[in-house]
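Below is one structure, written out as structure tokens; the observations come after it.
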Amino acid sequence: MKVTVVGAGNVGATCANVLAHKDFLQEVVLLDIKEGVSEGKALDMWETAPINYYSTKLKGITNDYAATAGSNVVVITSGLPRKPGMSRDDLISTNAAIVKSVTANVIKHSPDAVIVIVSNPLDVMTYCAYLTAEVDSRRVFGMAGILDTARYKAFLADEIGCSPKDIQAVLMGGHGDTMVPLPRYTTVGGIPVTELVAEDKLNAIIERTKKGGGEIVNLLGTSAWYAPGAAAAQMVEAICKNEKRIFPCCAWLTGEYGLDKIYLGVPVVLGEKGIEQIIELQLNEAEKALLVESAQHVREVMSVLDNAQVPA
Ligand SMILES: NC(=O)C1=CN([C@@H]2O[C@H](COP(=O)(O)OP(=O)(O)OC[C@H]3O[C@@H](n4cnc5c(N)ncnc54)[C@H](O)[C@@H]3O)[C@@H](O)[C@H]2O)C=CC1
Ligand SMILES: O=C([O-])CC(=O)C(=O)O
């Protein structure tokens, strides 16, 4: 199995590094537009193989898509990250042009690849890649929900004083401040979270989760990479190993949850074909209203893309 990661910046390099350490792939190709960056990072990672005992070969490439040919999965992380004071949506015009040209190159050389988008604004960049790739939507989807639920679980683990391993949770909606963490679908070692965390504390954790990306941006001056890179790698693993894992992913909806023709975070079954099933939860009225509000926000950003003349 061969995986390409486009963008050898913070998230892309972390994703490639995590994938290599998992040691289930033959090759990871890391591609960037900046001369030497992917070559240098791939070489540095490869030099950890004898220390950390893995065999996955790493190859760094500057903008030569022929080297990505025949990839089973391609992760697209190329694009600008935000700085303090910016929203993810502010990145749209620059990143849409990048995602569009990268997707066209990727699909030309790996027409059967499953494509995982990471670039922001996530839901709309995934839509942009889907429009460009012109393949089945089950093969083009985005990473956000695993990251957002990981933040939610990490904050809950701190509050409860338990292992994050024991927390299960569902979070839906767009990858932004309107995301919808779902306490009704959150359990800790099988116990409903509401039996362990007081309502005010739970609400504070939900609010912190929604702004979790911004919290890191304010600390670092750029956005997160360890958790995003690990989250994208977890998706790649589920696809390559045909694991049928259930994850929240940014998927193309065609009527599910009453929403049509929109990319939005929903629980899915992930396997070798990409999104093999979209799971429809029986949301209550309050949860549905939050999801619709989130979808409305994503549609507003989608319309910016639809109305823009994004250069190839
Ligand atoms: N979906 C999510 O949950 C998350 C999304 N992100 C997004 O991921 C993207 C990458 O973030 P970072 O890695 O921190 O940024 P970064 O600046 O460290 O890396 C981006 C890389 O993309 C490369 N690049 C730019 N144009 C390219 C092109 N046409 N072809 C190939 N490579 C190109 C740059 O040279 C750079 O190395 C940003 O848009 C960020 O907002 C970041 C974290 C989480
Ligand atoms: O906050 C950002 O800009 C990057 C991102 O999507 C995240 O870390 O959730």
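Backbone N, Cα and C atoms are what each Cβ position is placed from, and that goes for glycine too.
Curation plays no part in TrEMBL annotations; they are all automatic predictions.
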Fill in the blank from the handout: For the NAD(+) site that TrEMBL gives as Gly7, Ala8, Gly9, Asn10, Val11, Gly12, Asp32, Val118, Ser119, Asn120, the extra residue out of Asn52, Asn95, Asn105 is Asn95
Handout entry: Neighbouring recorded positions, C-alpha within 10 angstroms of Arg88 (substrate binding site) - of Val11, Asp32, Asn120, His175
Key = Asn120, His175
Handout entry: Cβ under 6 Å from ligand 1: qualifying binding-site residues of Gly7, Asp32, Val118, Asn120, Arg151
Key = Gly7, Asp32, Val118, Asn120
Handout entry: Arg88 (substrate binding site) CB neighbourhood, other CB atoms within 10 A
Key = 26
Practice task
Please compare the binding-site residues Arg82, Arg151 by how many other CB atoms fall within 10 Å of each one's CB, and tell me which has the fewest.
Solution key: Arg82
Exercise for the section: Calculate the distance in Å between the alpha carbons (Cα) of Arg82 (substrate binding site) and Asn120 (NAD(+) binding site), and round it to a whole number. Expected result: 9
